[in-house]
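One structure follows; several queries about it will come next.
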Amino acid sequence: CHEHRNRLSICNKISYAIGGAPYQITGCALGFFLQIYLLDVAQLDPFYASIILFVGRAWDAVTDPTIGFLVSRSPWTRFGRMLPWILLSTPLAVLSYFLIWYVPPFEDGKVIWYLFFYCLFQTLQTCFHVPYSALTMFISSEQKERDSATAYRMTVEVLGTLLGTAIQGQIVGMANAPCLPGPGDMVADPVISLEHTKVAYMISSGVICLIYVLCAVVLFFGVREQKEPMSFFQGIKLIMGHGPYAKLVMVFLFTSLAFMLLEGNFALFCSSTLGFRNDFQNILLAIMLSATLAIPFWQWFLTRFGKKTAVYTGTLSVVPFMILVVCLKSNLFVTYIVSFAAGVGVAAAFLLPWSMLPDVVDDFQVQNPESTGHEALFYSFYVFFTKFASGVSLGISTLSLE
């Protein structure tokens, strides 16, 4: 893929966008299925499961600014500054991801096993995702080109969440470990053994690992990084003191907090409370499918009515449906409708904060023309707050559901 000066070819943009898929695919699989996996398949005590989820997410949050700092201090190579991080972290990330979905043959150190590999994977994935997020500012110096590449990236990322939910959900759904028969279950069902389910989780994680590696390779060879100067410490102070950025981070924090809680508990809610143990992977798929279809609609909406209006409308549209699913008796048809509607809100929560971030970074650069190169920081702190919030929320919710 070659670009003319600052123009990016379609091939460049697609290669760049494909790099966003691994983070979403693995994030979705872990977000929707890790809790159920730790409880039903690894058969950990709910208390330990909540500790693993909480510590893993909190650790993940702490690694973001740290890696952001290290990336901005790393020397320039002939491949650029960001791309070597992405390439070198991939093999180990893939290995640690696979081992999260493997049930070790011993009982005693199980909790440590999952905690270790979960934290290790989060760290290595941060080494991929922070440089990747900051890469937006280095693929072209023209705002229009960057916006266009971001739209490509968003589309691929939502497809990634769809893919993560589909691969994990469908493969595992074929072999779901029944714990107790739910209200709608026939007792005469052929009992699928725990061993089958363990194998299914390993197969799905193997498939996801393969996709992760492919995406990293496409990104590395399909994107050229442009050189820009960088400076660091006063950057943090400047960034945090920048009003619009602080506000956007708060907005992002609370919307993502809500959606993370939803994501973390939805699979459990569908299978245990509503009793749709055989359908929950399809319900998750309905959410992601509608989110994917809604992205072009929100793209149109925000150009027509502005980004703020889109944020208000998109985030609030989910509320009535959430209330509905809790209030009504368990009904598969209603649950599908609610899931589809929730997906439209998920798309808004997904796309809008990320499409507003480049505007804030630009506004910062207009107000502070002399300071350049803080892009990695903007992006890493942005991700840091969400992850930290999601860790706290998931830990608390799993504990309270014990």
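Sequential numbering from 1, following the chain as shown.
Every residue, even glycine, has its Cβ placed from backbone N, Cα and C.
Any TrEMBL annotation is an automated prediction that lacks curation.
Relevant sequence annotations retrieved from TrEMBL are reproduced here:
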- 21-39: transmembrane segment (TRANSMEM)
- 51-71: transmembrane segment (TRANSMEM)
- 83-103: transmembrane segment (TRANSMEM)
- 115-139: transmembrane segment (TRANSMEM)
- 199-223: transmembrane segment (TRANSMEM)
- 243-262: transmembrane segment (TRANSMEM)
- 283-303: transmembrane segment (TRANSMEM)
- 309-328: transmembrane segment (TRANSMEM)
- 333-356: transmembrane segment (TRANSMEM)
- 376-401: transmembrane segment (TRANSMEM)
Take the transmembrane segment (51-71) and find every residue of the same chain, 6 or more past its ends, with a Cβ under 8 Å from one of its Cβ atoms.
34-35, 38, 44, 81-82, 85, 111, 114-115, 118-119, 122-123, 125-127, 130-131, 134, 232, 264, 376-377, 379-381, 383-385, 387-388, 390-392, 394-396, 398-399
Quick check: do the transmembrane segment (21-39) and the transmembrane segment (115-139) share at least 3 Cβ pairs under 8 Å, counting only pairs 6+ apart in sequence?
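In this chain the transmembrane segment (21-39) contacts the transmembrane segment (115-139) - 3 or more Cβ pairs sit under 8 Å.
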Test the contact criterion for the transmembrane segment (199-223) and the transmembrane segment (83-103): 3 or more CB pairs under 8 Å, pairs 6 or more apart in sequence, then answer yes or no.
yes
Apart from its near flanks, which chain residues at least 6 from the ends of the transmembrane segment (243-262) lie with a Cβ under 8 angstroms of it?
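Hits for the transmembrane segment (243-262): 31, 311, 315, 322, 342, 346, 349, 353, 356-357, 360, 363-364, 378, 381-382, 385-386, 389-390, 393-394, 397.
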Can at least 3 Cβ pairs under 8 A be found between the transmembrane segment (115-139) and the transmembrane segment (283-303), with each pair 6 or more apart in sequence?
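Counting Cβ pairs under 8 Å (6 or more apart in sequence), the transmembrane segment (115-139) does not reach the transmembrane segment (283-303), since there are fewer than 3.
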Give residue numbers and ranges for long-range contacts of the transmembrane segment (283-303): same chain, 6 or more residues beyond its ends, CB-CB under 8 A.
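Residues packing against the transmembrane segment (283-303) from afar: 28, 32, 151, 154-155, 158-159, 161-162, 165-166, 169-170, 266-267, 270, 276, 309-310, 313-314, 335-336, 339-344, 346-348, 350-352, 355.
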Within the same chain, where does the transmembrane segment (376-401) have neighbours whose Cβ lies under 8 angstroms from its own Cβ atoms, ignoring anything closer than 6 residues to its ends? I mean 6 or more beyond.
35, 46-47, 49-51, 53-62, 64-65, 67-69, 71-72, 129-131, 133-134, 136, 230, 232, 235-236, 239-240, 245, 248-249, 252-254, 256-257, 260-261, 264-265, 268, 353, 357, 360-361, 364
